[in-house]
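Shown next, in C-alpha cells, is the structure this report addresses.
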Amino acid sequence: MANTTGEPEEVSGALSLPSASAYVKLVLLGLIMCVSLAGNAILSLLVLKERALHKAPYYFLLDLCLADGIRSAICFPFVLASVRHGSSWTFSALSCKIVAFMAVLFCFHAAFMLFCISVTRYMAIAHHRFYAKRMTLWTCAAVICMAWTLSVAMAFPPVFDVGTYKFIREEDQCIFEHRYFKANDTLGFMLMLAVLMAATHAVYGKLLLFEYRHRKMKPVQMVPAISQNWTFHGPGATGQAAANWIAGFGRGPMPPTLLGIRQNGHAASRRLLGMDEVKGEKQLGRMFYAITLLFLLLWSPYIVACYWRVFVKACAVPHRYLATAVWMSFAQAAVNPIVCFLLNKDLKKCLRTHAPCWGTGGAPAPREPYCVM
C-alpha cells in the first residue's frame, strides 16, 4: 500500500543506493522535460504557422501537444523537487491536490482525445464525404471541448476525497491513493481508463478490417450509349455525336441533352476520394495509431501496478517496478513529437522549410529566367 507519511519505512547504513537512484531519476526526468517542452513547442508552432496544416487532424494533434507541454511544465517540477528532498512533499496539502488534479486531468484528457481521434480516423476513411463536409473548425473545437469536459468530470471528484489525492512516497508525486477496493473508490477511475484504451484500439481494429475488405479496387464497368438515330446519348455517351452535329457534320435532329456533361448540383458536389488523399489519410491514421500504441505501452505498467494495489491486499508492489512504471508514464509526454516527425511527411517538410540547415541541401536555388524561341 502507498505510504503517505513521508517517513522512511526502514533505515539502512547503505545510503549510496538511494542517492544513486535519486540521481538517475533527476537526470531522466530532466531529459524528459526538455524533450517534451522543446518538441511540443516546435510542433505546436508548426501547426499554428503553416496554413497547409490547418486541418482537423492537426488541430487535435495541437491540443495533445499543448496538454503534454503544460503537464511537463506544471507537474514535473514538483516531482523533481520531491525527489531532490528525499521523496518527501515540502509544499502545502492544497498544492498537492492541485498538482494531482492536473496530472489525472491530463492523463484522462489524452485518453479521451485519442478515442475521439480514432473515431475521426475511421470516419475519414470509411465515410469520407460526410467527414469532409462536417469536420469543420467548429466541429473540432466542439470535440476538444467535450474531451476536456469529460476529463474534468473524471479528475474533479477526488478533490472532495472521493478516491483521495495524496502524496505517494514510492512514486514521488501527488496522485490517486490506490488501496484495496473495499476501502477506496479508485477502482471506477481505473476501469474507465481501461475501457477508453480498449475502445480506442477496437475502433482502429474496425478501421483495419475496413481497409482490408476494400484493399482491391472495383473494375470500371462501361455503360454503353443509347441511340435510335445515331445521336448517341445516355450514361455511356462521350459527346462526340453532339460535337459532330454542332460542327456541321451531323444529320437529322439535334442530339438530346447528354447526361455525362450536365449534372445537377447534388451530383456535382459529390466527389470521389483521390489516391493522394487516401494515402494522406492512411498516413495520418498510422501516425495517430502509433501515438495511441505508445500511450498504451508507456501507461500499461503503471495501470497494472494500480490494479495490483486495488485487488491484491497481501503483497505490495515492488519498488523498482513501481519507479520504472511511473517514469515510463512521465516519458509519454515527450514521445508524441518524435513519433510525428518520424511518421508524417508533411510535418517533416514544414520543419525543413523553417529550418533549412536540417534539410538535405537547404533551400533550392532560384532558377534563371529563360524564354522559348
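Cβ from N, Cα, C; glycine included.
From a predicted model like this one, the values you see are computed outputs, not experimental measurements.
Residues or ranges marked as topological domain 'Extracellular' in Swiss-Prot: 1-26, 81-97, 161-188, 309-322. What Swiss-Prot records for Asn3, Asn184 is N-linked glycosylation site, and it gives sequence analysis as the kind of evidence. Swiss-Prot lists 27-47, 60-80, 98-118, 140-160, 189-209, 288-308, 323-343 with the feature transmembrane segment, giving sequence analysis as the kind of evidence. Under the heading topological domain 'Cytoplasmic', Swiss-Prot lists 48-59, 119-139, 210-287, 344-373, citing sequence analysis as support. Look at Swiss-Prot and you will find Cys96-Cys174 tagged as disulfide bond.
Counting other Cβ atoms within 10 Å of each Cβ, the lowest count among the disulfide-bonded residues Cys96, Cys174 belongs to Cys96. When Cβ-Cβ distances below 8 Å are used as the criterion, the transmembrane segment (98-118) is approached by residues 57, 60, 63-64, 67-68, 70-71, 74-75, 78, 143-144, 146-148, 150-152, 154-156, 158-159, 165-166, 173-176, 189, 192-193, 196-197, 199-200, 203-204, 207, 288-289, 291-292, 295, 299, 329, 332 of the same chain, each at least six residues removed from its ends.
In the predicted model, the topological domain 'Extracellular' (1-26) has a mean pLDDT of 56. DSSP assigns Cys174 (disulfide bond) to a strand. Contact between the transmembrane segment (60-80) and the transmembrane segment (323-343) is supported by 3 or more Cβ pairs under 8 Å, counting only residues 6 or more apart in sequence. Residue counts for the topological domain 'Cytoplasmic' (48-59) under DSSP (helix as H, G, I; strand as E, B; rest coil) come to 9 helix, 0 strand, 3 coil. Across the range of the topological domain 'Extracellular' (81-97), the DSSP-based residue counts are 9 helix, 0 strand, 8 coil.
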